[in-house]
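Peer 1: Below you will find the structure I want to go over with you.
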Amino acid sequence: MATLLRSKISNVATSVSNKSQAKMSGMFARMGFQAATDEEAVGFAHCDDLDLEHRQGLQMDILKSEGGEEGGEPPLEGDIHYQRDGTGPLPPSASKDAGVCSELSGQGKPKITAWEAGWNVTNAIQGMFVLGLPYAILHGGYLGLFLIIFAAVVCCYTGKILIACLYEENEDGEIVRVRDSYVDIANACCAPRFPTLGGRIVNVAQIIELVMTCILYVVVSGNLMYNSFPNLPVSQKSWSIIATAVLLPCAFLKNLKAVSKFSLLCTLAHFVINILVIAYCLSRARDWAWDKVKFYIDVKKFPISIGIIVFSYTSQIFLPSLEGNMQNPKEFHCMMNWTHIAACILKGLFALVAYLTWADETKEVITDNLPSTIRAVVNIFLVAKALLSYPLPFFAAVEVLERSLFQDGNRAFFPNCYGGDGRLKSWGLTLRCALVVFTLLMAIYVPHFALLMGLTGSLTGAGLCFLLPSLFHLKLLWRKLLWHHVFFDVAIFVIGGICSISGFIHSLEGLIEAFRTNAED
């Protein structure tokens, strides 16, 4: 009897602790931390879900098992964990608005305003990878500027039609949300013959984009440090190794709370750095080389520029989650309009004034063109931001890999990587360390920021932002579409496909050539 009483008291105390943690997560979300730093399509809205899953998974098991012992119904598969990939069956009440947090605290997840959602999208499309846009103007001239505008318009449109695919009309003629994620949309398009094929394709594309983003962070860290201290006897590869050594503890991360707070400060610092670069360029306005901006393209390198521009706009992968967490989802379209208009203006101005300042000497990372007196300070801030941003895509990629390879029920390829006490097993830790080492090897053998960015944008960026949304929109809603929507969707699919294939081929050729050169050295 005493043992049973102690067990009950322990369970109540743990439940109260979990409620407090859930309230703290809601407080951080309302303060804006939830929407702070996901600039490469890793929605910060997912971070709290990932933290809650690891933090509360065991407690949910205890609560469910207690309910079963006392006569309650056994938990359904998918009740315990947040179904991010959309592959597991969900209970009728499970949604983005009622997840683990609501089950423990009795309240729904804290909603975000349109301004907070806009901050999320702004961080996704206004991140540090805009530093490569002047290099795109170098090989595209005025056509590169046009593509910055064109990509903003198309990505804004495809973001809206992607959200439209989440809704259907019920028997009463009301528009209701029947899907929760990009993966759900993809699975619905491939059903009934291949009900999980679409989700697997989207997950693979997401993993590729996340891992490539991690590689780009290592590359840009080595590049910036090498160009900041050229007199030191340390090569760019050595700087990349040092950066990876700093990042190795990411393999042991269980949550991203502390990193997220620092990343918020780094994001604000990045905006200040962009302003400083533009201010320096404006100070040299008398020397701007307007004659260097022409209506011509470098046939071999311009397709790479397309990938760079597209990659800088990728945000579609987390838009369904973001829209589902908005207080007023009807404001989503307006939010998409002003965020992409602002991004288009700021990116266009940044790329143009930076190219006009350095013209043909424009480098892959524009801060490398700054005078040595201020370059080191600016680059150190950017390296700090890159290193603190690395855990976000890394943690998301690990979560997808662990779920698909180790935790996907009977479909998992390997045993569960977490023990009964919630500790990570040796093979799970090996996977994480291998992923960190893989990003280092890619950064060492292909230390080309523009080529990697162009390849990623052409492969996964164009697919997730152009091809798949237009294809899904046509497949799911074609009976209700007006003729001009059909025309836009087909045009985007065709143009996006051509740009994607062209950019991928040229980027891949450049990477192969760079790989051979580095292997010979």
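Cβ atoms here come from the backbone N, Cα and C positions, even for glycine.
Just so you know, TrEMBL annotations are computer predictions that nobody has curated.
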Peer 1: Check each of the ranges 239-259, 302-322 against TrEMBL and return the one annotated as transmembrane segment.
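Peer 2: Transmembrane segment, as annotated by TrEMBL, spans 302-322.
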Peer 1: Short question: most Cβ pairs under 8 Å with the transmembrane segment (452-474), which of 334-356, 376-401, 486-505?
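Peer 2: Result: 486-505.
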Peer 1: So which residues does the transmembrane segment (334-356) touch in its own chain, when a touch means Cβ under 8 Å and the partner is 6 or more beyond its ends?
Peer 2: 114, 117-118, 121-122, 125-126, 130, 133-134, 136-138, 144-145, 148-149, 152-153, 155-156, 159-160, 274, 277-278, 281-282, 288-290, 292-293, 312-313, 362, 366, 369
Peer 1: Looking at 143-167, 207-226, 302-322, 486-505, which one has the highest count of Cβ pairs under 8 angstroms to the transmembrane segment (429-446)?
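Peer 2: Highest pair count goes to 207-226.
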Peer 1: Where else in the chain does the transmembrane segment (207-226) make close Cβ contacts, counting only residues six or more beyond its ends and a cut-off under 8 Å?
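Peer 2: Contacts with the transmembrane segment (207-226): 40-42, 128-129, 131, 234-240, 242-244, 247, 314, 317, 364-365, 367-368, 379-380, 382-383, 386-387, 389-390, 393-394, 396-397, 400-401, 435, 438-440, 442-443, 446-449, 452-453, 455-456, 459-461, 464.
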Peer 1: Taking a Cβ cut-off under 8 Å, which residues six or more beyond the ends of the transmembrane segment (486-505) line up next to it in the same chain?
Peer 2: 154, 157-158, 161, 303-304, 306-307, 310, 454-455, 457-459, 462-463, 465-467, 470-471, 473-474, 478
